[in-house]
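Notes follow once the structure below has been shown.
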Amino acid sequence: MKIIELKEGEAVSLKRSGLHGSEAEIATVNTIIETVKKEGDQALVDYTQQFDGVELTDLCVTKAELDNAYRHIDQPVLAAIRQAIANVRAFHEQQKAKSWFQTAPDGTILGQRVTPLDAVGVYVPGGKAAYPSSIIMNVVPAQVAGVKDISMVSPSGKNGTLPPAVLATAAELGVHTIYKLGGAQAVAALAYGTETVRPVDKITGPGNKYVALAKRAVFGDVAIDMIAGPSEICVLADEKANPAYVAADLLSQAEHDEDATAVLVTPSRKLAEAVQQETARQLATLPRKEIAGRALEQFGALYVTASLAQAIEVVNQLAPEHLEIATEEPLALLGRVKHAGAIFLGSYSAEPVGDYFAGPNHVLPTNGTARFASPLSVDDFVKKSSIISYSKTALAENGKAITELARLEGLEAHARAIDIRLEDM
(Lines of atoms letter the chains of each structure in order from A and count residues from 1; the text may use other names and numbers.)
(Lines give C-alpha, C1' and ligand atoms only; values in the text may rest on other atoms or scores of the structure.)
Protein backbone atom coordinates (compact mmCIF):
# COMPACT_ATOMS: atom_id res chain seq x y z
CA MET A 1 0.00 0.00 0.00
CA LYS A 2 1.27 3.44 -0.91
CA ILE A 3 1.48 6.36 1.51
CA ILE A 4 0.02 9.50 -0.05
CA GLU A 5 0.57 12.85 1.65
CA LEU A 6 -2.17 15.41 1.13
CA LYS A 7 -1.69 19.14 1.36
CA GLU A 8 -4.26 21.20 3.24
CA GLY A 9 -7.33 21.58 1.03
CA GLU A 10 -6.17 18.99 -1.50
CA ALA A 11 -9.02 16.89 -2.90
CA VAL A 12 -8.78 13.12 -2.94
CA SER A 13 -8.93 11.20 -6.18
CA LEU A 14 -9.48 7.60 -5.12
CA LYS A 15 -9.37 4.91 -7.76
CA ARG A 16 -12.39 2.64 -7.48
CA SER A 17 -13.39 -0.28 -9.65
CA GLY A 18 -16.75 1.30 -10.52
CA LEU A 19 -20.12 -0.16 -11.41
CA HIS A 20 -20.21 0.26 -15.18
CA GLY A 21 -19.91 -2.74 -17.45
CA SER A 22 -18.42 -2.73 -20.92
CA GLU A 23 -20.65 -2.72 -23.98
CA ALA A 24 -19.88 -6.41 -24.48
CA GLU A 25 -20.79 -7.27 -20.87
CA ILE A 26 -24.05 -5.32 -21.05
CA ALA A 27 -24.92 -7.01 -24.36
CA THR A 28 -24.23 -10.43 -22.84
CA VAL A 29 -26.50 -9.70 -19.88
CA ASN A 30 -29.30 -8.44 -22.12
CA THR A 31 -29.05 -11.59 -24.25
CA ILE A 32 -29.24 -13.79 -21.15
CA ILE A 33 -32.32 -11.96 -19.89
CA GLU A 34 -34.16 -12.20 -23.21
CA THR A 35 -33.28 -15.89 -23.56
CA VAL A 36 -34.60 -16.67 -20.08
CA LYS A 37 -37.81 -14.78 -20.86
CA LYS A 38 -38.30 -16.83 -24.04
CA GLU A 39 -36.98 -20.27 -23.07
CA GLY A 40 -37.65 -20.39 -19.33
CA ASP A 41 -36.27 -23.35 -17.38
CA GLN A 42 -34.30 -24.71 -20.32
CA ALA A 43 -32.33 -21.47 -20.55
CA LEU A 44 -31.53 -21.70 -16.84
CA VAL A 45 -30.24 -25.26 -17.24
CA ASP A 46 -28.19 -24.34 -20.31
CA TYR A 47 -26.62 -21.24 -18.79
CA THR A 48 -25.77 -23.07 -15.56
CA GLN A 49 -23.97 -25.72 -17.61
CA GLN A 50 -22.22 -23.06 -19.71
CA PHE A 51 -21.07 -20.70 -16.96
CA ASP A 52 -20.80 -22.92 -13.87
CA GLY A 53 -20.06 -26.32 -15.38
CA VAL A 54 -22.95 -27.82 -13.44
CA GLU A 55 -25.62 -30.04 -14.98
CA LEU A 56 -28.80 -29.37 -13.04
CA THR A 57 -31.34 -32.16 -12.73
CA ASP A 58 -33.56 -30.10 -10.42
CA LEU A 59 -33.69 -26.32 -10.11
CA CYS A 60 -35.06 -26.44 -6.57
CA VAL A 61 -33.41 -27.44 -3.31
CA THR A 62 -35.26 -30.41 -1.84
CA LYS A 63 -36.29 -31.03 1.77
CA ALA A 64 -33.79 -33.89 1.85
CA GLU A 65 -30.99 -31.45 0.98
CA LEU A 66 -32.08 -29.09 3.76
CA ASP A 67 -32.20 -31.96 6.26
CA ASN A 68 -28.80 -33.18 5.12
CA ALA A 69 -27.30 -29.72 5.66
CA TYR A 70 -27.97 -29.98 9.38
CA ARG A 71 -25.99 -33.22 9.51
CA HIS A 72 -22.96 -31.53 7.97
CA ILE A 73 -22.81 -28.23 9.84
CA ASP A 74 -20.74 -27.84 12.99
CA GLN A 75 -22.82 -27.08 16.06
CA PRO A 76 -20.76 -24.00 17.09
CA VAL A 77 -21.36 -22.58 13.60
CA LEU A 78 -25.09 -23.26 13.86
CA ALA A 79 -25.19 -21.61 17.29
CA ALA A 80 -23.42 -18.54 15.90
CA ILE A 81 -25.88 -18.36 13.00
CA ARG A 82 -28.82 -18.51 15.39
CA GLN A 83 -27.42 -15.74 17.59
CA ALA A 84 -26.68 -13.57 14.56
CA ILE A 85 -30.27 -14.02 13.35
CA ALA A 86 -31.58 -12.99 16.78
CA ASN A 87 -29.36 -9.88 16.88
CA VAL A 88 -30.26 -8.78 13.36
CA ARG A 89 -33.96 -9.35 14.00
CA ALA A 90 -33.90 -7.33 17.24
CA PHE A 91 -32.23 -4.39 15.47
CA HIS A 92 -34.60 -4.40 12.51
CA GLU A 93 -37.68 -4.62 14.72
CA GLN A 94 -36.83 -1.05 15.76
CA GLN A 95 -37.19 0.10 12.14
CA LYS A 96 -40.82 -0.92 11.64
CA ALA A 97 -42.94 1.92 10.31
CA LYS A 98 -46.59 2.14 11.36
CA SER A 99 -49.59 3.32 9.41
CA TRP A 100 -51.02 6.58 10.70
CA PHE A 101 -54.19 8.63 10.26
CA GLN A 102 -55.31 12.07 11.41
CA THR A 103 -58.78 13.60 11.39
CA ALA A 104 -59.32 17.36 11.06
CA PRO A 105 -62.24 19.24 12.66
CA ASP A 106 -63.95 19.51 9.25
CA GLY A 107 -64.00 15.72 8.91
CA THR A 108 -61.02 15.39 6.55
CA ILE A 109 -59.02 12.22 7.10
CA LEU A 110 -55.41 12.10 5.93
CA GLY A 111 -52.90 9.37 6.53
CA GLN A 112 -50.33 6.89 5.35
CA ARG A 113 -50.85 3.14 5.11
CA VAL A 114 -47.80 0.89 5.29
CA THR A 115 -48.06 -2.54 3.66
CA PRO A 116 -45.43 -5.20 2.90
CA LEU A 117 -44.39 -6.29 -0.57
CA ASP A 118 -46.01 -9.50 -1.75
CA ALA A 119 -42.92 -11.36 -2.98
CA VAL A 120 -39.17 -10.86 -2.65
CA GLY A 121 -36.26 -12.75 -4.20
CA VAL A 122 -32.90 -12.81 -2.43
CA TYR A 123 -29.69 -13.36 -4.38
CA VAL A 124 -27.00 -15.11 -2.32
CA PRO A 125 -23.56 -15.20 -3.95
CA GLY A 126 -21.46 -18.34 -4.17
CA GLY A 127 -18.17 -18.92 -5.89
CA LYS A 128 -15.15 -18.04 -3.77
CA ALA A 129 -16.89 -18.52 -0.42
CA ALA A 130 -20.21 -19.35 1.25
CA TYR A 131 -22.15 -16.35 2.54
CA PRO A 132 -24.83 -17.27 5.10
CA SER A 133 -24.60 -13.71 6.45
CA SER A 134 -26.04 -12.44 3.15
CA ILE A 135 -29.12 -14.58 3.72
CA ILE A 136 -29.61 -13.20 7.22
CA MET A 137 -29.16 -9.57 6.21
CA ASN A 138 -31.61 -9.78 3.31
CA VAL A 139 -34.25 -12.14 4.67
CA VAL A 140 -34.65 -10.80 8.21
CA PRO A 141 -35.72 -7.23 7.29
CA ALA A 142 -38.13 -8.65 4.71
CA GLN A 143 -39.67 -10.88 7.36
CA VAL A 144 -39.89 -8.04 9.88
CA ALA A 145 -41.63 -5.97 7.20
CA GLY A 146 -44.23 -8.73 6.82
CA VAL A 147 -43.28 -10.16 3.40
CA LYS A 148 -44.89 -13.60 3.13
CA ASP A 149 -43.33 -14.93 -0.08
CA ILE A 150 -39.52 -14.97 0.15
CA SER A 151 -37.50 -17.05 -2.28
CA MET A 152 -33.75 -17.41 -2.65
CA VAL A 153 -31.33 -18.06 -5.50
CA SER A 154 -27.72 -19.16 -5.12
CA PRO A 155 -25.38 -20.88 -7.57
CA SER A 156 -24.98 -24.63 -7.21
CA GLY A 157 -21.62 -26.18 -6.45
CA LYS A 158 -20.07 -28.86 -8.64
CA ASN A 159 -21.76 -31.43 -6.38
CA GLY A 160 -25.18 -30.19 -7.48
CA THR A 161 -26.20 -28.58 -4.19
CA LEU A 162 -25.42 -25.59 -1.95
CA PRO A 163 -23.05 -25.36 1.04
CA PRO A 164 -24.50 -26.74 4.31
CA ALA A 165 -24.12 -23.38 6.08
CA VAL A 166 -26.15 -21.64 3.36
CA LEU A 167 -28.93 -24.23 3.41
CA ALA A 168 -29.06 -24.42 7.21
CA THR A 169 -29.28 -20.63 7.49
CA ALA A 170 -32.14 -20.54 5.01
CA ALA A 171 -33.91 -23.30 6.92
CA GLU A 172 -33.41 -21.50 10.24
CA LEU A 173 -35.13 -18.48 8.71
CA GLY A 174 -37.97 -20.54 7.28
CA VAL A 175 -37.00 -19.96 3.65
CA HIS A 176 -37.79 -23.17 1.81
CA THR A 177 -38.14 -21.92 -1.78
CA ILE A 178 -34.51 -22.07 -2.88
CA TYR A 179 -33.35 -22.24 -6.48
CA LYS A 180 -29.90 -23.55 -7.45
CA LEU A 181 -29.25 -20.64 -9.76
CA GLY A 182 -26.71 -17.85 -10.02
CA GLY A 183 -25.61 -15.11 -12.36
CA ALA A 184 -27.66 -12.88 -14.63
CA GLN A 185 -29.92 -15.83 -15.48
CA ALA A 186 -31.03 -16.09 -11.84
CA VAL A 187 -31.92 -12.40 -11.75
CA ALA A 188 -33.89 -12.75 -14.99
CA ALA A 189 -35.78 -15.74 -13.61
CA LEU A 190 -36.77 -13.86 -10.45
CA ALA A 191 -37.84 -10.82 -12.45
CA TYR A 192 -39.93 -12.54 -15.12
CA GLY A 193 -40.55 -16.07 -13.85
CA THR A 194 -40.19 -19.43 -15.59
CA GLU A 195 -42.09 -22.71 -15.44
CA THR A 196 -40.44 -23.35 -12.07
CA VAL A 197 -39.33 -19.98 -10.71
CA ARG A 198 -42.03 -17.69 -9.35
CA PRO A 199 -41.61 -14.01 -10.30
CA VAL A 200 -41.11 -11.54 -7.46
CA ASP A 201 -41.72 -7.84 -6.87
CA LYS A 202 -38.23 -7.00 -5.62
CA ILE A 203 -34.76 -8.50 -5.93
CA THR A 204 -32.13 -7.92 -3.24
CA GLY A 205 -28.67 -9.22 -2.50
CA PRO A 206 -25.12 -8.80 -3.81
CA GLY A 207 -23.41 -10.58 -6.68
CA ASN A 208 -20.70 -10.20 -9.27
CA LYS A 209 -20.63 -7.64 -12.08
CA TYR A 210 -23.04 -9.65 -14.24
CA VAL A 211 -25.53 -9.90 -11.39
CA ALA A 212 -25.28 -6.13 -10.82
CA LEU A 213 -25.77 -5.41 -14.53
CA ALA A 214 -28.75 -7.76 -14.65
CA LYS A 215 -30.35 -6.05 -11.65
CA ARG A 216 -29.87 -2.72 -13.37
CA ALA A 217 -31.44 -4.09 -16.56
CA VAL A 218 -34.60 -5.48 -14.90
CA PHE A 219 -35.12 -2.44 -12.67
CA GLY A 220 -38.43 -0.86 -13.55
CA ASP A 221 -40.09 -4.19 -14.22
CA VAL A 222 -39.23 -5.12 -10.64
CA ALA A 223 -37.67 -3.21 -7.77
CA ILE A 224 -34.10 -3.77 -6.61
CA ASP A 225 -32.25 -2.87 -3.45
CA MET A 226 -29.23 -1.15 -4.98
CA ILE A 227 -26.44 -1.64 -7.50
CA ALA A 228 -23.72 -2.66 -5.08
CA GLY A 229 -20.10 -2.45 -6.07
CA PRO A 230 -17.09 -4.14 -4.47
CA SER A 231 -16.61 -3.84 -0.72
CA GLU A 232 -14.96 -0.75 0.79
CA ILE A 233 -13.44 0.21 4.10
CA CYS A 234 -12.05 3.53 5.27
CA VAL A 235 -10.33 3.84 8.65
CA LEU A 236 -10.12 7.33 10.16
CA ALA A 237 -7.38 7.15 12.78
CA ASP A 238 -5.13 9.31 14.91
CA GLU A 239 -1.73 8.56 16.44
CA LYS A 240 -3.39 6.64 19.31
CA ALA A 241 -4.72 3.91 16.99
CA ASN A 242 -3.30 0.39 17.13
CA PRO A 243 -1.60 -0.21 13.75
CA ALA A 244 -2.12 -3.97 14.00
CA TYR A 245 -5.87 -3.48 14.46
CA VAL A 246 -6.04 -1.03 11.56
CA ALA A 247 -4.10 -3.35 9.24
CA ALA A 248 -6.29 -6.30 10.18
CA ASP A 249 -9.44 -4.33 9.41
CA LEU A 250 -8.14 -3.11 6.05
CA LEU A 251 -7.33 -6.71 5.12
CA SER A 252 -10.76 -7.87 6.27
CA GLN A 253 -12.27 -6.05 3.31
CA ALA A 254 -9.41 -6.51 0.86
CA GLU A 255 -9.84 -10.29 1.03
CA HIS A 256 -13.40 -10.03 -0.35
CA ASP A 257 -12.24 -9.64 -3.94
CA GLU A 258 -9.59 -8.06 -6.14
CA ASP A 259 -11.72 -4.94 -6.65
CA ALA A 260 -12.23 -4.14 -2.95
CA THR A 261 -11.14 -0.74 -1.62
CA ALA A 262 -9.16 -0.36 1.63
CA VAL A 263 -8.08 3.10 2.80
CA LEU A 264 -6.53 4.66 5.89
CA VAL A 265 -6.94 8.41 6.49
CA THR A 266 -4.80 9.84 9.28
CA PRO A 267 -2.90 13.00 10.23
CA SER A 268 -0.11 10.78 11.60
CA ARG A 269 2.70 9.82 9.20
CA LYS A 270 4.10 7.55 11.91
CA LEU A 271 0.83 5.59 12.08
CA ALA A 272 0.63 5.30 8.30
CA GLU A 273 4.14 3.83 8.16
CA ALA A 274 3.35 1.38 10.96
CA VAL A 275 0.12 0.30 9.25
CA GLN A 276 2.00 -0.14 5.97
CA GLN A 277 4.47 -2.51 7.64
CA GLU A 278 1.80 -4.33 9.63
CA THR A 279 -0.39 -4.85 6.57
CA ALA A 280 2.48 -6.48 4.70
CA ARG A 281 3.25 -8.72 7.67
CA GLN A 282 -0.34 -9.89 8.15
CA LEU A 283 -0.96 -10.29 4.43
CA ALA A 284 1.85 -12.83 4.13
CA THR A 285 -0.05 -15.42 6.18
CA LEU A 286 -3.57 -14.86 4.86
CA PRO A 287 -5.20 -17.82 3.05
CA ARG A 288 -6.61 -15.35 0.50
CA LYS A 289 -3.42 -13.29 0.25
CA GLU A 290 -3.41 -13.23 -3.55
CA ILE A 291 -6.89 -11.70 -3.67
CA ALA A 292 -6.20 -9.26 -0.82
CA GLY A 293 -2.82 -8.33 -2.25
CA ARG A 294 -4.25 -7.44 -5.64
CA ALA A 295 -6.98 -5.36 -3.99
CA LEU A 296 -4.46 -3.40 -1.93
CA GLU A 297 -2.23 -2.87 -4.96
CA GLN A 298 -5.09 -1.58 -7.12
CA PHE A 299 -7.42 0.14 -4.67
CA GLY A 300 -5.52 0.52 -1.40
CA ALA A 301 -4.13 3.80 -0.04
CA LEU A 302 -2.72 5.30 3.16
CA TYR A 303 -3.59 9.01 3.16
CA VAL A 304 -1.67 11.32 5.47
CA THR A 305 -3.46 14.63 6.00
CA ALA A 306 -2.26 17.95 7.38
CA SER A 307 -4.78 17.81 10.23
CA LEU A 308 -7.57 15.74 11.76
CA ALA A 309 -10.08 18.24 10.37
CA GLN A 310 -8.77 17.59 6.86
CA ALA A 311 -8.97 13.85 7.50
CA ILE A 312 -12.68 14.21 8.23
CA GLU A 313 -13.13 16.23 5.03
CA VAL A 314 -11.45 13.42 3.09
CA VAL A 315 -13.78 10.85 4.66
CA ASN A 316 -16.80 12.87 3.58
CA GLN A 317 -15.39 13.12 0.06
CA LEU A 318 -14.96 9.35 -0.08
CA ALA A 319 -18.42 8.54 1.38
CA PRO A 320 -17.25 5.00 2.18
CA GLU A 321 -19.35 1.88 2.60
CA HIS A 322 -17.70 1.09 5.96
CA LEU A 323 -16.06 3.76 8.11
CA GLU A 324 -14.11 2.97 11.25
CA ILE A 325 -13.26 5.84 13.57
CA ALA A 326 -10.18 4.69 15.49
CA THR A 327 -9.35 7.83 17.43
CA GLU A 328 -8.97 8.71 21.08
CA GLU A 329 -12.49 10.22 21.19
CA PRO A 330 -14.50 8.64 18.34
CA LEU A 331 -17.87 9.86 19.60
CA ALA A 332 -16.63 13.45 19.45
CA LEU A 333 -16.08 13.06 15.69
CA LEU A 334 -19.31 11.25 14.84
CA GLY A 335 -21.32 14.42 14.31
CA ARG A 336 -18.81 15.70 11.76
CA VAL A 337 -19.14 12.66 9.50
CA LYS A 338 -21.78 13.31 6.83
CA HIS A 339 -21.42 10.39 4.44
CA ALA A 340 -20.86 6.72 5.31
CA GLY A 341 -22.90 3.54 4.98
CA ALA A 342 -22.00 2.17 8.42
CA ILE A 343 -19.87 3.81 11.10
CA PHE A 344 -17.86 1.77 13.61
CA LEU A 345 -16.72 3.64 16.72
CA GLY A 346 -13.67 2.71 18.76
CA SER A 347 -10.93 0.10 18.72
CA TYR A 348 -13.18 -2.85 19.52
CA SER A 349 -15.82 -2.15 16.89
CA ALA A 350 -14.05 -4.07 14.14
CA GLU A 351 -15.86 -4.08 10.80
CA PRO A 352 -16.61 -7.84 10.94
CA VAL A 353 -18.72 -7.18 14.06
CA GLY A 354 -21.15 -5.40 11.76
CA ASP A 355 -20.70 -7.80 8.87
CA TYR A 356 -21.93 -10.76 10.85
CA PHE A 357 -23.31 -10.15 14.27
CA ALA A 358 -24.12 -6.80 15.84
CA GLY A 359 -27.53 -6.31 14.21
CA PRO A 360 -27.37 -3.42 11.72
CA ASN A 361 -27.56 -4.45 8.09
CA HIS A 362 -24.38 -5.13 6.14
CA VAL A 363 -25.97 -4.39 2.76
CA LEU A 364 -24.59 -0.88 2.33
CA PRO A 365 -24.16 1.78 -0.36
CA THR A 366 -20.80 1.60 -2.16
CA ASN A 367 -18.77 3.58 -4.67
CA GLY A 368 -19.50 6.92 -3.03
CA THR A 369 -23.28 6.46 -3.11
CA ALA A 370 -23.45 6.86 0.68
CA ARG A 371 -23.77 10.55 -0.25
CA PHE A 372 -27.43 9.83 -1.02
CA ALA A 373 -28.20 6.19 -0.21
CA SER A 374 -28.79 4.19 2.96
CA PRO A 375 -28.28 0.64 4.26
CA LEU A 376 -30.85 -2.03 3.46
CA SER A 377 -33.68 -1.83 5.99
CA VAL A 378 -37.26 -2.79 6.74
CA ASP A 379 -38.32 0.25 4.69
CA ASP A 380 -36.99 -1.47 1.57
CA PHE A 381 -39.64 -4.17 1.89
CA VAL A 382 -42.76 -2.06 2.41
CA LYS A 383 -44.89 0.30 0.35
CA LYS A 384 -46.52 3.45 1.64
CA SER A 385 -49.91 4.56 0.34
CA SER A 386 -51.27 8.05 0.97
CA ILE A 387 -54.85 8.12 2.31
CA ILE A 388 -57.14 11.08 1.52
CA SER A 389 -60.76 11.36 2.61
CA TYR A 390 -62.23 14.85 2.08
CA SER A 391 -65.53 15.69 3.70
CA LYS A 392 -68.26 17.75 2.01
CA THR A 393 -67.45 20.61 4.34
CA ALA A 394 -63.75 20.46 3.48
CA LEU A 395 -64.38 20.47 -0.27
CA ALA A 396 -66.82 23.38 0.01
CA GLU A 397 -64.24 25.35 1.94
CA ASN A 398 -61.23 24.54 -0.26
CA GLY A 399 -62.71 23.80 -3.68
CA LYS A 400 -62.16 27.30 -5.07
CA ALA A 401 -58.43 27.19 -4.22
CA ILE A 402 -58.11 23.78 -5.89
CA THR A 403 -59.71 24.97 -9.12
CA GLU A 404 -57.49 28.06 -9.17
CA LEU A 405 -54.39 25.83 -9.11
CA ALA A 406 -55.79 23.45 -11.73
CA ARG A 407 -56.56 26.26 -14.18
CA LEU A 408 -53.18 27.87 -13.50
CA GLU A 409 -51.63 24.67 -14.85
CA GLY A 410 -54.01 24.57 -17.82
CA LEU A 411 -55.81 21.43 -16.67
CA GLU A 412 -59.48 22.31 -17.14
CA ALA A 413 -60.81 18.80 -16.57
CA HIS A 414 -59.15 18.80 -13.17
CA ALA A 415 -60.95 22.03 -12.28
CA ARG A 416 -64.29 20.78 -13.59
CA ALA A 417 -64.01 17.61 -11.45
CA ILE A 418 -64.16 19.96 -8.47
CA ASP A 419 -66.74 22.38 -9.94
CA ILE A 420 -69.27 19.62 -10.63
CA ARG A 421 -69.27 18.75 -6.95
CA LEU A 422 -69.40 22.36 -5.77
CA GLU A 423 -72.48 22.95 -7.96
CA ASP A 424 -74.32 20.18 -6.10
CA MET A 425 -73.70 21.73 -2.70
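Here the Cβ of each residue, glycine as well, is placed from N, Cα and C on the backbone.
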In Swiss-Prot, the residues Ser231, Gln253, His256, His322, Glu409, His414 are said to bind substrate. Which of Asp149, Asp201, Asp355 is said to bind at that same site? Asp355
Using a Cβ-Cβ cut-off under 8 angstroms and a sequence gap of six or more, which residues of the chain neighbour His256 (substrate binding site)? Pro230, Ser231, Ile291, Ala295
Listed in sequence order, residues with CB under 8 A of Gln253 (substrate binding site) and six or more positions away: Ser231, Glu232, Ile233, Ala260, Thr261, Ala262, Ala295, His322, Glu351
Would you count the other C-beta atoms found within 10 angstroms of the C-beta of Asp355 (substrate binding site) for me? 19
Tell me, by DSSP, whether Asp355 (substrate binding site) is helix, strand or coil? helix
